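Listed in TrEMBL for this protein:
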{"type": "DOMAIN", "residues": "14-335", "note": "domain 'tRNA-guanine(15) transglycosylase-like'"}
{"type": "ACT_SITE", "residues": "Asp90", "note": "active site, nucleophile"}
{"type": "BINDING", "residues": "Asp125, Ala193", "note": "substrate binding site"}
{"type": "BINDING", "residues": "Cys276, Cys278, Cys281", "note": "Zn(2+) binding site"}
Amino acid sequence: MSIQFEVMHKDIAGRVGRLTVGDKRIRTPALLPVVNPHIQIVPPGEMAAMGIEGLITNAYIFSKSADFREEALSRGLHNLLGFDGLIMTDSGSFQLSVYGSVDTTNETTLAFQRDIGSDIWVPLDIPTHPDAPRETVESELAITMERLREAREIFGDDAPIAGPVQGGIHADLRETAGREVSNLGFSFCPVGAVVPLLEGYRYRELVHSVLAAKKGLSSGACVHLFGAGHPSMFALAAAMGCDIFDSAAYALYAREGRYITPSGTLKLAEMAELPCPCAVCRSHTADELRASDQKERLLATHNLAVTQAEISRVRLSIQEGTLWELVDERCRSHPRLLDGYRELLKAGDLLERSDRATKRRFFYRGDESCQRTEVIRFQRMIPRIALSSKALILCGGPEPQDFEEVLELRPPFGAVPRELSETFPIGQNEVPAWDDAMLASAFTGVDALLAANPETEVTFSASPDLVHHIKKRFPDAVVIS
Ligand code: GUN
Ligand code: ZN
């Protein structure tokens, strides 16, 4: 019954994979909607019909509920909820983070999760608030790690237990925690205590923390971003290598009359139109939805449908190799998401190592594209280009016939030998009219080429508008036009 994870496609550090526990199997990235047994606003049976393969519910609520406790123990969770997909249960840790204490123990909650037939059980980890003093984060992390060891000792190595990674916003603690969790043999690893970061739009710190956890974790671990359910950040999180999300947002937002879109949330009260292809939005006008006595349920159904559609879009973009374009698009919908995107780009050197070799395309979408993994990889390869004694770099100028070695300036990458012009990313990139950022990036590539070929006499053939620019940037070079 151990938890298995296979990766089928990769893009950046993101993956499309398959998570298997016993006879349950789901495609990842996946969204596990949060189901509250007391308020089943969208019935789990309906979720299955929306393409949802797994859900998460709270074992602590079941264990403390007069209505549900015995029923869950006798009928089992799947039967009780009317859902035969994958069901993960949380332990009560979230209540611990909200209320400060819970009336259960690590062993009790794990045994209860096993006894109600949960597919993935979560120990009683401690989600320390990110703004707590470092000593608190450290001491509570030590307790979490002790509980993970205890879980393994009591329930064995094959029990389908998740290994949460804590450590707050301290990169060193997250990385060490990730490494220890992997060393203990956990293959399903939620990154915990990020809800306050998400709620505060602290995406820069989120990216910093998740990347640190990922560094410590085994690359084969399935990574769950605990409490992340807004579709606007799925692409960013998937690019870091997060495989599982869980959303209560679809229901919580519906209660407050908030309409989720892939790029943000709108207030239904202020909307003139419902700009979404889901069944709810196509069969109601905004006025009809506002007036409906089923408003909350319909809004939750819409919220879940757009959230699920974004998961499909992320999986598709990973298969195509267009995840950077999706990250760029989504992260421009809020300035704080842009902060997160820029933090991700700072880790380009690390991400380049896990990125795939070829992709469908490289679309330039502005300055940030200059820091993409494809540019880093191309520029890393430049020192291997060996030029002969005389070379011409075409920068939009004429091509004299007396050069045996001709390269083309291809911003944002650098100067590209003709034999590479069909290979990825050169043959598959689309850029607009050259801008300063992509020229600067290309010139960095030319620097590397010149440094690797100090004996070569290089001539630049520039378009009239570039002559001055190139002379200034490469004062020793011959420039024709
Ligand atoms: N739900 C949201 N964050 C957390 C977390 O860090 N741990 C657990 N167990 N549940 C969560
Ligand atoms: Zn809709």
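Cβ coordinates come from backbone N, Cα and C, glycine included.
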> Where ligand 2 binds, which of the recorded positions Asp90, Ala193, Cys276, Cys278, Cys281 are close by, with Cβ under 6 Å?
Replying inline: Cys276, Cys278, Cys281
> Are any of the binding-site residues Cys276, Cys278, Cys281 near ligand 1, with a Cβ under 6 Å from it, and if so which?
Replying inline: none
> Compared by Cα position, which of the recorded positions Asp90, Asp125, Ala193 is the closest one to Cys278 (Zn(2+) binding site)?
Replying inline: Asp90
> Ala193 (substrate binding site) to the residue listed as 'active site, nucleophile': how many Å between their Cα atoms?
Replying inline: 13
>> Centre the Cβ atoms of Cys276, Cys278, Cys281, go out 8 Å, and tell me which other residues of that chain have a Cβ in range of the Zn(2+) site.
In response: Leu274, Pro275, Pro277, Ala279, Val280, Arg282, His302, Ala305, Val306
> Counting Cβ atoms within 10 Å across all protein chains shown, which of the binding-site residues Ala193, Cys276, Cys278, Cys281 comes out on top?
Replying inline: Ala193
> Per-residue pLDDT averaged over the domain 'tRNA-guanine(15) transglycosylase-like' (14-335) comes to what?
Replying inline: 97
> Should Asp90 (active site, nucleophile) be counted as helix, strand, or coil on the basis of DSSP?
Replying inline: strand
>> Using a 10 Å radius around its CB, how many other CB atoms surround Asp90 (active site, nucleophile)?
In response: 28
>> I'd like the Cβ neighbour count for Asp125 (substrate binding site), meaning other Cβ atoms within 10 Å of its Cβ, all protein chains included.
In response: 30
>> Cα-Cα, whole number of Å: Asp125 (substrate binding site) versus Cys276 (Zn(2+) binding site)?
In response: 38
> Cα of Cys276 (Zn(2+) binding site) to Cα of Asp90 (active site, nucleophile): how many Å, rounded?
Replying inline: 32
>> Roughly how many Å lie between the Cα atoms of Cys281 (Zn(2+) binding site) and the residue listed as 'active site, nucleophile', rounded to a whole value?
In response: 32
